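Read the structure below first, then the notes.
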């Protein structure tokens, strides 16, 4: 290995400074985010599919179909961006207006631009008007997509949507592609090169998301931490509407708990509450730096618990596992819980675990050290020289599996970014998923990273051809 951290046999491979800087920029610079919001059956998912040029989003906004918000990679006119499909829910007049407004509210915080889809045939509804009022105050570029415009009469229907106060409606047909190119031209022109919302909010109190499945004790814990007993907490999620964030002092330090309004609103009996909870959870995680995922220790781990944990890891946020209702856990349950953790959460052994009771206050003070540990790991950077020395020793002791009769080698390694720690490996061949997991384990053993996901990106380089004779 040379003084600059590269390995001596690297000269035979196509790897220059531009390769490294381009890879770092691609990994560390999050693309801008475009959120697609609107009522059920207005064509949101059809529009997303049209933007992507492939059929990926679920297109059935029918009763009983609920799902999470989903993000997709997209590109238009050379501009890469992420499309957030806010999905569908169970349509019901009782909760519809609130749910559409909820989409708009989350999009305002988590997107760089918003496409608001309205059915031009139906016209503006009360739910559309409520969402439009929110979007007017967002300060974000908002594009009004008047969908289902297939003829000149439809153009007139689209023009009527000026009444929403969001500027000129863009008449489109998501089904047939009419007008979508013009809409995307306008959207891309308004986008920043790099997302201004991903990981935004540097400085000030560290941002914490308190998330978990419904009725796991989030409101009780928030009240316990804040000393605020204004909220009446029952066996169903809910209370009154509070400001979006809560500043809470713990151990003499201010913490910003994001999106606490979602914890203080009674949604347990509302139509579409599963969708509402999913949108709120995604929004809180996106706005946070670290997430406390609350799990009911008195009950078996559920698919919902694992889904929330996956959201945190996929978003690249620091993580603290808090097992609540510990006052209800007896010896038998502790034994079963340990087995469940070993079997179902084996990939999250790096997350600090705190056993608490929001009801009695048991061990809640231990959350602060766990949060600080997770955030310190999340912020960690490893020098390039130290990293390459580490990988050279690891590969010498345990080389990657042979593929196609050839032994892949790691030419160079660098940490592209922190928050979360993201590493780029330039190699001579593909590294199997199992070997990547091995490298992650060894990285954790050597450098810690307790409480933070880490990411490993592999870039395979081509060998240079024979040099031309002079």
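All positions are counted from 1 along the displayed chain.
Cβ from N, Cα, C; glycine included.
Note that the coordinates shown come from a computational prediction; the quantities given were computed from them, not determined experimentally.
Per Swiss-Prot, these features apply:
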- 32-195: domain 'EngA-type G 1' (DOMAIN)
- 38-45, 85-89, 147-150: GTP 1 binding site (BINDING)
- 206-379: domain 'EngA-type G 2' (DOMAIN)
- 212-219, 259-263, 324-327: GTP 2 binding site (BINDING)
- 380-462: domain 'KH-like' (DOMAIN)
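For the binding-site residues 41, 86, 215, counting C-beta atoms within 10 A of each C-beta gives the highest total at 86.
When Cβ atoms from all protein chains are considered, those within 10 Å of residue 38 (GTP 1 binding site) total 24, not counting its own. If you compare Cα positions, residue 326 (GTP 2 binding site) sits closest to 86 out of the binding-site residues 41, 44, 86, 149. Residue 44 (GTP 1 binding site) sits 27 Å from residue 212 (GTP 2 binding site), taking the CA atoms of both as reference points. Per-residue confidence over the domain 'KH-like' (380-462) averages out at a pLDDT of 94.
Each of the binding-site residues 44, 218 was scored by other CB atoms within 10 A of its CB, and the lowest score goes to 218. Distance noted between the C-alpha atoms of residue 212 (GTP 2 binding site) and residue 149 (GTP 1 binding site) is 41 Å. With the fewest other Cβ atoms inside 10 Å of its Cβ, the least crowded of the binding-site residues 149, 212, 326 in this structure is 326. Rounded to a whole number, the distance between the Cα atoms of residue 215 (GTP 2 binding site) and residue 38 (GTP 1 binding site) is 28 Å. Distances between the Cα of residue 218 (GTP 2 binding site) and those of the binding-site residues 41, 86, 149 are shortest for 86. Residue 215 (GTP 2 binding site) sits 30 Å from residue 41 (GTP 1 binding site), counting Cα to Cα.
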